[in-house]
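S.K.: So TrEMBL has the following annotated:
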| type | residues | note |
| --- | --- | --- |
| DOMAIN | 1-154 | domain 'Major facilitator superfamily (MFS) profile' |
| TRANSMEM | 33-50 | transmembrane segment |
| TRANSMEM | 62-80 | transmembrane segment |
| TRANSMEM | 86-106 | transmembrane segment |
| TRANSMEM | 118-136 | transmembrane segment |
Amino acid sequence: MTSIMIGYDTGVMSGASIYIQRDLKINDVQLEILVGTINLYSLFGSALAGKTSDWIGRKYTILLAAAIFFVGAILMGFAVNYGLLMFGRFVAGIGVGYALTIAPVYTSELAPTAARGFLTSFPEIFINFGVLLGYLSNWGFSKLSLKLGWRVML
């Protein structure tokens with residue numbers, strides 16, 4: 001699920017960015033920063049993930065990552081200006097960093113030795129599935145009004 005979540009965020013921004021730019025009247029540089037910074041923001045989550053997982057455990061760290069990402073998505077969906085949208089993107093990025101770091105560790109710790117390689121390759125497959133879901137979301141919600149469509153996508 002964490003990989004789907006990450007892939008979805010990547011895929012959905014490809015379509016939502018068009019509507020975000022129109023609605024919030026941001027320029028191309030602001031849009032590029034908005035889309036590209038999630039990788040930078042995820043570094044913060046990645047840096048915190050190891051200590052957090054030692055403190056509360058792998059499973060609860062994954063739940064924390066999902067909760068942080070969810071809060072980021074809600075913040076982005078309700079953003080009324082570029083600053084709030086960037087803040088929501090920052091929060092979502094922290095969740096992405098947590099998830100990208102801990103989910104593969106958790107999988108490898110639980111997987112039997114014979115299946116470990118097979119199971120740890122699933123994140124790559126599910127990231128692509130998440131991108132596909134993001135594209136489907138773009139297509140499905142593009143029919144909504146300008147103010148609502150991109151918010152529902154996110």
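Heads up, the Cβ atoms here are built off N, Cα and C, so glycines get one too.
Curation does not apply to TrEMBL; its annotations are automatic.
Could you give the neighbours, burial and distances for every feature on this list?
M.R.: Per-residue confidence over the domain 'Major facilitator superfamily (MFS) profile' (1-154) averages 91 (mean pLDDT, predicted model).
Outside the transmembrane segment (33-50) by six or more residues, the chain places 9-10, 13, 17, 20, 26, 61, 65, 68, 82, 85-86, 89-90, 92-102 with a CB less than 8 A from a CB of the stretch.
A Cβ distance under 8 Å defines the sequence-distant neighbours of the transmembrane segment (62-80), meaning residues of its chain 6+ beyond its ends; these are 1-2, 5, 9, 24, 45, 49, 52, 56, 87-96, 98-99, 102-103, 106, 151-152, 154.
Packing against the transmembrane segment (86-106) from elsewhere in the chain are residues 2-3, 5-6, 9, 33-34, 37-50, 52-53, 58-59, 61-62, 64-79, 120, 123, 154: each is 6 or more residues past its ends and has a CB under 8 Å from a CB in it.
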